[in-house]
């Protein structure tokens, strides 16, 4: 019932998304269509801040530059905006309606999983010669991204199950907790016991008369062995745990979305976490600039400012003459030492390169009430610093450009063809952008070719990861060492280099480049080869270090989880260098540990060698990229998983959403242990749904992960309390509750069996109607259910000693061993209660019922008291209430009890004697066990 309600809510959410309205362009004008009715070939108009309904090729935009920005956080988990370029052939058309006056077609490759690549061509046939344009990833708008600037028009190429976002999500499965599975096993065992006992009874009767009828009568009489109320009690318990988690003031904002698996939180062995936005805040801060001989840190940035003022102050000051005062006298300049000047020029070159080599766009929000006719003069536009925000494809880039602004070189405007910087003295420097080479995961670098408008110099700037750049820049002796130093501090490093080009060199390059871009076969390879012809002997300018700040309390939380025996794997779509950096700075990998970086492998032989190399290392963390992982899993799945499970920590970088889910599935199959996935972006949804227990963080990257998860939390640090306190107590309470409910059924069945065997195996019920109903409900329900309030140690203790959590993963709170102990207790107590009552009764059969039933109720209440570890006032209330209900109901049950006998003193002493014999030995045994072999938690609470 409860799951059906959950399911119905999901259905309503889906329906809401599918019935959103979009504008479709037809020959007769705009028409409103539901997103579920969009078909391939439709022209769809998407407004700013609207979600793109299907995969499209970008034809036109309202922006003058012919490009727009989209937010892809729900697709790949990156929060930054990505620039997309309209097909120039359709962007150049004078008006919107002209789209119907041309004859053109789009060729697109078949649907694929990879969200970072696309190959296609756009062909216009009605002109001579036909116009062919190559389409790449920057001309596409994938579904479930959001338009961040302008209005866009696109032609739909994939819909429904063929869109990239749907192909990258897996179907969610129904999650069942391990505890429920274990209790199911025990219930099966109990059913077996019931059948066996009934057969034994009939056999002892000697199969006399219609024996099969007697067999069924025994099956019904003893059917209390099977705990039917177990499911109800457990489900109520789960609801109570969910309520406690949501009411916990130490972890505000936590929501329990799947109420069936709170006990799973107490059994986790593997925690698979995303990096960006989960462990880190996704906020970058510029920390260090290194020029080979000098290094500038956060405290020496003012020196860079003074270096920058020098070269710019020598230029002609702008017409206003404001800069006249800053121009130093010539004489002082010439006597300055030469070295000083060269450092200052190098700083200037480096900062200029950082300010130019990027794909950042400054965005100005129009101020309310500001005059709109600011277009007459460029300088009059509201370029004030307070009004500017930067948009880029990665937060690292924004951090670099914000830093150049802070030292005085400001990026003020940018479009597809040009860029403007403002110098410290207030001049506007204009550069035209001739080519840009975007960052890809293969090349690990980005480049840009610009022409300085004032001097007409053409420069090729490039920045990228140290591995990629080391072979491109001229020989030097410091780069590798400094990169290592910065990485150890947890900084993300970028190497910046430049190369001056002559006009002839550039023209030659451009013709070869445009030719390569049009080829249909091996386009990527040909383009890369042309670009590589430029990447030779570049002049190394500087090395930058940017820090991605960790979320609050990530280090202590990871430390706590590791002490609790949980193995942490980090699965991220980010670069290898960054992932390794964060693994070190978050102490996922401890300072002393070695890190084994798995070399890229492409075939079986390489994978074999690399796995052997890894096998020889002991106690070291593994870093592996998605591609190598894919190859190894294809040939050596078992070996790889076995080796990885022995590692203290594993980092998988460049993982696609489906790969993340695949890794979770592998861990479940190979180890049989419980896994938990935690993430915050749309790219983590598959992994969260695949894991035994999924936790979503409501972060910057939208709420998709939080909605798909079983539990959603506000910050990563809340995981510690969720597992150590709530997970642990939910599991221990449910285990106690489950076994107690079984004990409650077993004890009354034992009494029935003893009773039948004493009276010549007669299949006669011991207790009639209301007594049986009352026993399972009114008389014992509240105390038994109050076990969900039990706790063995205080929450503060559980947080302080995460080692307590380790015991739970072995599943010792509920196993066949503990179950057998409870069975023995039930048989002993049932036997004592029945034989005791039979020994002490005088003449009336009614007296046996009265003595044994009262003793049974008292025994149950005492057993609850025996099981409880920490008393809660509600438990006391439940015990007293149940006893009160029983005593009060004795007055009404005249048909079962002889009132005169019940009120006599003999009744009281007989009941007391039977109860004492059934419970005292157990109290004594428990006390002895606590003295001789105390459990780990009691050592702390004493």
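Glycine is treated like the rest: Cβ placed from N, Cα and C.
Feature annotation from TrEMBL assigns ATP binding site to 274, 275, 276, 397, 439, 463, 492, 572, 573, 574, 654, 660, 683, 684.
According to TrEMBL, the compositional bias 'Acidic residues' annotation covers 373-383.
Under the heading region 'Disordered', TrEMBL lists 311-343 (among others).
TrEMBL lists 366-385 (among others) with the feature region 'Disordered'.
Taking Cβ pairs closer than 8 Å, the transmembrane segment (189-209) reaches residues 215, 218-219, 222-223, 225-227, 742, 745-746, 749, 753, 756-757, 761, 763, 816, 819 in its own chain, all 6 or more past its ends. Look at TrEMBL and you will find 189-209 (among others) tagged as transmembrane segment.
TrEMBL lists 215-234 (among others) with the feature transmembrane segment.
Sequence-distant neighbours of the transmembrane segment (741-763) (same chain, 6+ residues past either end, Cβ-Cβ under 8 Å): 186, 190, 194, 197, 201-202, 204-205, 214, 217-218, 221-227, 229-230, 233, 772, 775-776, 780, 784, 819, 822-823, 825-827, 829-831, 833-835, 838, 852, 856, 859-860, 863. Annotated transmembrane segment per TrEMBL: 741-763 (among others), in sequence order.
TrEMBL lists 769-789 (among others) with the feature transmembrane segment. Sequence-remote contacts of a segment are chain residues at least 6 beyond its ends whose Cβ falls under 8 Å from one of its Cβ atoms, and for the transmembrane segment (769-789) they are 224, 229, 233, 236-237, 240-241, 733-734, 736-737, 740-741, 744, 748, 849, 853, 856-857, 860-861, 864, 867-868, 872, 874-875, 878-879, 881-882, 885-886, 889, 893, 896.
Residues or ranges marked as transmembrane segment in TrEMBL: 819-839 (among others). Long-range contacts of the transmembrane segment (819-839) within its own chain (CB-CB distance under 8 A, at least 6 residues past either end) are made by residues 186, 189, 739-740, 742-743, 746-751, 753-755, 758, 848, 851-852, 855-856, 859, 863, 910, 913-914, 917-919, 922.
What TrEMBL records for 845-866 (among others) is transmembrane segment.
Under 8 Å from some Cβ of the transmembrane segment (873-893) lie the Cβ atoms of residues 770-771, 774, 778-783, 785-786, 789-790, 854, 857, 861, 864-865, 899, 902, all in the same chain and six or more residues away from its ends. The transmembrane segment annotation in TrEMBL covers 873-893 (among others).
Here TrEMBL flags 899-925 (among others) as transmembrane segment.
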Legend entry - Distal contacts, the transmembrane segment (215-234) - CB-CB under 8 A, six or more residues away: 180, 183, 187, 190-191, 193-195, 197-199, 201-202, 734, 737-738, 741-742, 744-746, 748-749, 752-753, 756, 763, 765, 772, 776, 781, 784-785
Legend entry - Where the record names 274, 275, 276, 397, 439, 463, 492, 572, 573, 574, 654, 660, 683, 684 as binding ATP, the maximum Cα to Cα distance in Å: 30
Inset, instruction - Let me know the most crowded of the binding-site residues, choosing from 276, 683 and counting other Cβ atoms within 10 Å. - result: 683
Inset, instruction - Which residue among the binding-site residues 492, 654 has the fewest other Cβ atoms within 10 Å of its Cβ, if you could check? - result: 654
Inset, instruction - Would you please pick out, from the binding-site residues 274, 439, 573, the one with the fewest other Cβ atoms within 10 Å of its Cβ? - result: 439
